[in-house]
Amino acid sequence: MEFKKSPDGGWGWVIVLVSFFTQFLCYGSPLSVGVLYIEWLDVFGEGKGKTAWVGSLASGVGLLASPVCSLCVSSFGARSVTIFSGFMVAGGLMLSSFAPNIYFLLFSYGIVVGLGCGLLYTATVTITCQYFDSRRGLALGLISTGSSVGLFIYAALQRMLIEFYGLDGCLLIVGALALNILACGSLMRPLQASDCPLPEKTALENVAETYSIYSEKEKNLEENIPILEKSYSSEEECKDTLANGDWKQDSLLHKNSTSITHTKEPETYKKKVAEQTYFCKQLAKRKWQLYKNYCGETVSLFKNKVFSALFIAIFLFDIGGFPPSLLMEDVARSLNVKEEEFFMSLISIIGIMMAVGKLLLGILADFKWINTLYLYVATLIIMGLALCAIPFAKSYVTLALLSAILGFLTGNWSIFPYVTTNTVGIEKLANAYGILMFFAGLGNSLGPPIVGWFYDWTQTYDIAFYFSGFCVLLGGFILLLAALPSSDTCNNKLPKPTPTTFLYKVASNV
């Protein structure tokens, strides 16, 4: 598909605004699910590990399905995907209010809402990257703050709704609010070339494709028509073998009388069959070639060592970095920190600082003198150290301080698309981002249950957060080693001036 040059403004700011509200409405409840997590523990009486699956699936399923989400956005466009996903998120939230057990919640809240959020995230990021180039970091930072502001507001909103209307009423109201995603999706105008209403390929591809189509069409018509002619010729041969002596004259007259019907009906029938056969073969070839190219481009991405390290880092980051936003409220309760001491809920602190982090890190990513990959690595290493410090927090003040640090560093989600684009290029962004989000979803799905199981076994969160911090630190150091310039790269760059100098000397002597 051919797109216009990124306008870096204009209608792009409308895209930023509606993408902000889309992420606000769809991610507000899943990211602040820690408020609901405590209620589900009391209502269903299940273990912390099993109950944590609901929130982890809500954030992980959409990311696990990122390759499919990317394919849907590429095939149907951001606008159609956003409108369809709005129904999914709203329906899943409303359906969760009728959940009789934890297993029903795993489907309605974990899978339905999670898949809808994954589709919406891919749609908003993709269309924003299309509308912005030089200001892409700022634009991605602005839209990604929508989920953080949603976390901040929905944490307090859901707590208030539970007090007034109960858990079921809270989910119904939140689901009704999610229907506003449909209005946001209607404003996502696709950035297509104005002179071609339908998507077209480049001129070079069109010439080659046209040549192949005509050559295959002639070939296929020649292949298909003889098959039909054989059936009619066989009938005529049978008549000729039966004809003897005087009957030859009659058979010739019979052939002449029926020549008109044989030249009309069979010829029309043969052409229709040939055209249908040709169309089916071309359609099958085209679809197979698209899937083959998609798989080939996806596999070729892993030849880039930075990309390979990036998917390992994002997997380990989500295993260790996601549980605090889900479990921090329960951590405070396990330390007997009273709610009266709370100046602000810990989840709200994470949410507001995440919004600040996404905005500031997105702005920093636009500075040319800052390497976004090294900036991302720095956030991983500092976050790993902060996670290891959680077991030493014994009061609300220290928990609030660590929550603020973790929230700010989790804002590195705003620069992650920027890092991915710089690593693989804008033309491969959809394929690469789908793979990376798949591994991020896998980490999101496994992280909170693992931490919950650690608590069920040890009755403390200490070992769990040591494990989380180690995972994030390991991912940061792996990515750092891959990002550092290797000696082979330096050696390959050194010999380049030598041939130029030699050629210049030879030319001067002549």
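Using the three backbone atoms N, Cα and C, a Cβ is placed for every residue, glycine included.
Small disclaimer: the values here were computed from a predicted structure and weren't measured.
Quick look at what TrEMBL lists:
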- 15-487: domain 'Major facilitator superfamily (MFS) profile' (DOMAIN)
- 12-40: transmembrane segment (TRANSMEM)
- 52-73: transmembrane segment (TRANSMEM)
- 80-98: transmembrane segment (TRANSMEM)
- 104-125: transmembrane segment (TRANSMEM)
- 137-156: transmembrane segment (TRANSMEM)
- 162-183: transmembrane segment (TRANSMEM)
- 306-322: transmembrane segment (TRANSMEM)
- 342-361: transmembrane segment (TRANSMEM)
- 373-393: transmembrane segment (TRANSMEM)
- 399-420: transmembrane segment (TRANSMEM)
- 432-451: transmembrane segment (TRANSMEM)
- 463-484: transmembrane segment (TRANSMEM)
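For the transmembrane segment (306-322), same-chain residues at least 6 beyond its ends with a Cβ under 8 Å from one of its own Cβ atoms are 56, 59-60, 63, 373, 380, 383-384, 387, 406, 409-410, 416, 419-420, 423-424, 432, 435-436, 439-444, 446-448, 450, 467-472, 474-476, 478-479, 481-483. Looking at 12-40, 52-73, 104-125, 399-420, the range that has the most CB pairs within less than 8 A of the transmembrane segment (162-183) turns out to be 12-40.
The stretches the transmembrane segment (104-125) and the transmembrane segment (12-40) meet in space: the count of Cβ pairs below 8 angstroms, excluding pairs fewer than 6 apart in sequence, reaches at least three.
As a quick check, the transmembrane segment (137-156) and the transmembrane segment (52-73) miss the bar of 3 or more Cβ pairs under 8 A, pairs 6 or more apart, so the two do not touch.
With Cβ pairs under 8 Å as the measure, the transmembrane segment (432-451) is packed most heavily against 52-73, out of 52-73, 80-98, 342-361, 399-420. Only residues 6 or more beyond the boundaries of the transmembrane segment (52-73), in the same chain, are considered here, and those with a CB under 8 A from a CB of the stretch are 30-31, 33-34, 36-37, 40, 81, 102, 105-106, 109-111, 113-123, 126, 294, 318, 322-323, 326-327, 430-431, 433-438, 440-449, 451-452.
Sequence-distant contacts of the transmembrane segment (12-40), counting only residues of its own chain at least 6 positions beyond either end whose CB sits under 8 Å from a CB of the stretch, comprise 6, 46, 51-52, 54-55, 58-59, 82, 85-86, 89, 93, 102, 105, 113-114, 116-117, 120-121, 123-124, 127-128, 131-132, 139, 142-151, 153-155, 157-159, 162, 167, 170, 174, 177-178, 180-181, 184-185, 187-189, 325-330, 333, 345, 347, 351.
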